[in-house]
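Asks: Pasting a structure below so you can have a look.
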Amino acid sequence: MNGWIHFNTGASAMIPLILGLFAVCFGLVSMVVKEWLFLSDTLVALLFGVTVGPAGMGAVDPASWIDVPSVTLELTRLIIAIQVMAAGITLPKKYLTKELVSLLMLLGPVMAWMWLTSAVIIMLVFRLGFVESLLIASCVAPTDPVLANSIVRGKFAEAKVPQHVRNIISAESGANDGLGYPYLYLALYLLKFSTATEALTRWFVVVVLWEVTMSVVLGAAIGWAARKLLQFARKQGWIDHDSFLSFAISLTLLTLGLVSLVGSDDILACFVAGNTLTWDDWFREETKEAHFQDVLDTLFNFTFFIYLGTIIPWNELASGVDTLTTGRLVVSAVLILLFRRLPVVLAVTRLTPAIETFRESLFAGWFGPIGVGAVFYAMVAFNELQDTMLADLRAKQFLLPIVYSLVTASVIVHGITIPLYHIAAAVPNATSAMSEYLSRTPSLPSARLFRFSPRSPVEVGGLRLPANASGLPNHAVSIGIRQHAHHLADDIVPSSCPPDPVHTPLQASGRQDKGLPSYGSLETDGR
């Protein structure tokens, strides 16, 4: 029998085992985690990935199976494309034109502030050059549509966050993830070319005109054509229900391939195509009650954040080489989470019609998470930095550790913000209830008021009464106990709190005592 049976510990067995184990176990308690504890499912998935990865149990190590940068780039690209397509579809009718001023404000000055502020913090903390810091900061400038989606959905969002705030957060996260390319390639071209004029000229022609502008045109054309064809097929009865529901996923793949084929910004094109598909609200209304895409999003998100937890080289994040230390990573994460977005969103509240109050601005400013989009742009930058012209840059050593640490910090901090909010909101209520309870409680300790001991007389406020074998007062004297306790409570309770009428169980039911034994609890107003 020796050698007949072989255990498979390779990727073909471990990947479905780990993903299936998490999906099944988390699914059984998902309501408790998300709707009772208000924890982010992405946070739980990331922690699970760390636990089973090389830094934890060592059950899986993707680096031994695959080329991590290449697989991560394509996986993040696919997940972001699906999420920005979904973000575009969920927006109301003609939303991009109705809230154009708000979007221009968030995608212009706010995003530029996020980029520059992050770059300054990285430069000061890690002592890097400013342009190299701009390169790393461009990865974390966009807000993440995956994490933003978990913020704008669920019981907390529906109860606490107005619909217009959820819409603007979704629209911003969908659009600015595609607008990360101009910031990234501006820094790359400034590093690669000898003169600023050559870098800016190439950046404007290649990135701004071709990649960004062309992607908007292509995305709008694809979305418009898809909407017309889908409406025609639906009217003719050519498309079945399942294909109709999965149409958005199919359109995402088509847009990704077509726009990538011409070398344009495929992420931005997917968002524009999604919003154009539902421009008249027809597709959104038709699929509003379907949860097919939600299920697919959940599986993709689980997969990525478990994968992320297994590929982050935790032992290399703070290698101590140069200025890359644990302390500096922590300081940079704290400063960037505090100053990257919140101050500028608060500052432009009155210039952003979609954000009406200070509280809404505070919420939108705080929830600008760093996630899958940051990893995607980090992998794009990592591939570009393999160019021999950029071989001597210190940014190559700092790029992935800084981005990984910021993503981890954002997932943790934004994942526990809502539970902390509930705890903070509950403390004043609990304190008030306790104060009210204590103000209504007699000062005489209950141990002195009611004392019971087996087979011994019962003492009630100094009155000793006989007890039965169980240590409880006999029924013959139970009414007397209550009457005595009532008179005693008159002396204890302040005059401002008059005692309630005392009722025995028999009196409450309107029946006379028939001699049946009764060991009802003693009732006084001194509760």
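Cβ coordinates are placed from backbone N, Cα and C, and glycine is handled just like the others.
TrEMBL labels come from automatic prediction, so no person has curated them.
From TrEMBL, here are the annotated features:
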DOMAIN    28-419  domain 'Cation/H+ exchanger transmembrane'
REGION    496-527  region 'Disordered'
TRANSMEM  6-29  transmembrane segment
TRANSMEM  36-55  transmembrane segment
TRANSMEM  75-91  transmembrane segment
TRANSMEM  103-126  transmembrane segment
TRANSMEM  203-224  transmembrane segment
TRANSMEM  244-263  transmembrane segment
TRANSMEM  329-349  transmembrane segment
TRANSMEM  361-382  transmembrane segment
TRANSMEM  402-424  transmembrane segment
Asks: Take the C-beta pairs under 8 A between the transmembrane segment (402-424) and each of 75-91, 103-126, 203-224, 244-263, 329-349. Which stretch has the highest count?
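Replies: The listed stretch sharing the most Cβ pairs with the transmembrane segment (402-424) is 329-349.
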Asks: Would you confirm whether the transmembrane segment (329-349) and the transmembrane segment (361-382) meet the contact rule of 3 or more C-beta pairs below 8 angstroms, pairs 6 or more apart in sequence?
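Replies: Between the transmembrane segment (361-382) and the transmembrane segment (329-349), which are separate recorded stretches, there is contact, as judged by 3 or more close Cβ pairs.
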Asks: Could you tell me whether the transmembrane segment (361-382) and the transmembrane segment (244-263) are in contact, taking contact to mean 3+ Cβ pairs under 8 Å with a sequence separation of 6 or more?
Replies: no
Asks: Against which stretches of its own chain does the transmembrane segment (75-91) lie, if we need a Cβ under 8 Å and a gap of at least six residues from its ends?
Replies: 145-146, 148-149, 167, 170-171, 173-175, 177-178, 248-249, 251-252, 255-256, 266-268, 270-278, 283-284, 287, 293, 296-297, 300-301, 303-304, 307, 372-373, 375-376, 379
Asks: For the transmembrane segment (36-55), which partner among 6-29, 103-126, 361-382 gives the most CB pairs under 8 Å?
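Replies: Out of the listed stretches, 6-29 contacts the transmembrane segment (36-55) most.
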